[in-house]
Amino acid sequence: MHYYRYSNAKVSCWYKYLLFSYNIIFWLAGVVFLGVGLWAWSEKGVLSDLTKVTRMHGIDPVVLVLMVGVVMFTLGFAGCVGALRENICLLNFFCGTIVLIFFLELAVAVLAFLFQDWVRDRFREFFESNIKSYRDDIDLQNLIDSLQKANQCCGAYGPEDWDLNVYFNCSGASYSREKCGVPFSCCVPDPAVSSGPCGVFLQLKSKWDESIFTKGCIQALESWLPRNIYIVAGVFIAISLLQIFGIFLARTLISDIEAVKAGHHF
């Protein structure tokens, strides 16, 4: 890897330090994500036994945090160092990766729109898999609880889905005190009760409307999306513009460096 320095450099300081400032934010955010993820794993004892991650049937939310952190840290580092050192290799890596991420996001959005039934089925399988692992990981439990409380929903398509979990299962072989119940996040808010079961059992469907949310979270999310389509579109456009801006800065700086390098040879 070579670093180019020129005695009569004419590389634009404006683009150079603007790109550096753009990337330092992502690099610092990546450090925060990695720090939070590693701290969470340390608290759960995963760092001392990484096989705990592979033994989970569902997904550990910390894995997603770490993945985002690694991507942001790597891109931020490449962009910062590439801009400061005027390194074309790092700048091309940064620019190419951002372009790849941009088109992947676009492809996912288009495919999700065209194949809605397939996406709905995959999301149900994903949700049900994580319901089975609800008590296996505290972060996954908190994530599901937050989703159900925020959307006033229960299960993927209804409370019956919680029969998939070994702790809430209604089979005679279960000796759990939560047998035939649902998580507290499924319960209709009651000021007199702050935790624990809401006194309803899965087989007592006549009492569901009084005590628990009966709408599934997939239906809740499907009804939430049309109501907030402008917010979702705005977030997507904002992210896309940030990516395009980063690509523009990187390509402009690369062109400047190549022009200075070419002029230096004459």
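Quick reminder: no glycine exception, Cβ is built from N, Cα and C everywhere.
According to TrEMBL, the disulfide bond annotation covers CYS153-CYS186 (among others). In the shown protein chains, 27 other C-beta atoms lie within 10 A of the C-beta of CYS186 (disulfide bond).
Taken from TrEMBL, the feature disulfide bond covers CYS154-CYS170 (among others). Within 10 Å of the C-beta of CYS154 (disulfide bond) there are 26 other C-beta atoms, taking all protein chains into account.
Annotated transmembrane segment per TrEMBL: 20-41 (among others), in sequence order. Within the chain carrying the transmembrane segment (20-41), a Cβ under 8 angstroms from the stretch's Cβ atoms is held by residues 47, 62, 65-66, 68-80, 83-84, 94, 139, 245-246, 249, all 6 or more beyond its ends.
Annotation source TrEMBL lists transmembrane segment at 62-84 (among others).
Under the heading transmembrane segment, TrEMBL lists 90-115 (among others).
What TrEMBL lists as transmembrane segment is 229-250 (among others).
The Cβ of CYS153 (disulfide bond) lies under 8 Å from the Cβ of LEU147, PHE213, LYS215, GLY216, CYS217, GLN219, ALA220, each of these being in the same chain and 6 or more residues away along the sequence. Rounded to a whole number, the distance between the Cα atoms of CYS186 (disulfide bond) and CYS170 (disulfide bond) is 17 Å. Counting same-chain residues at least six beyond the ends of the transmembrane segment (229-250), those with a Cβ under 8 angstroms from any Cβ of the stretch are 15, 18-19, 22-23, 79, 82, 91, 94-95, 98-99, 101-102, 105, 109.
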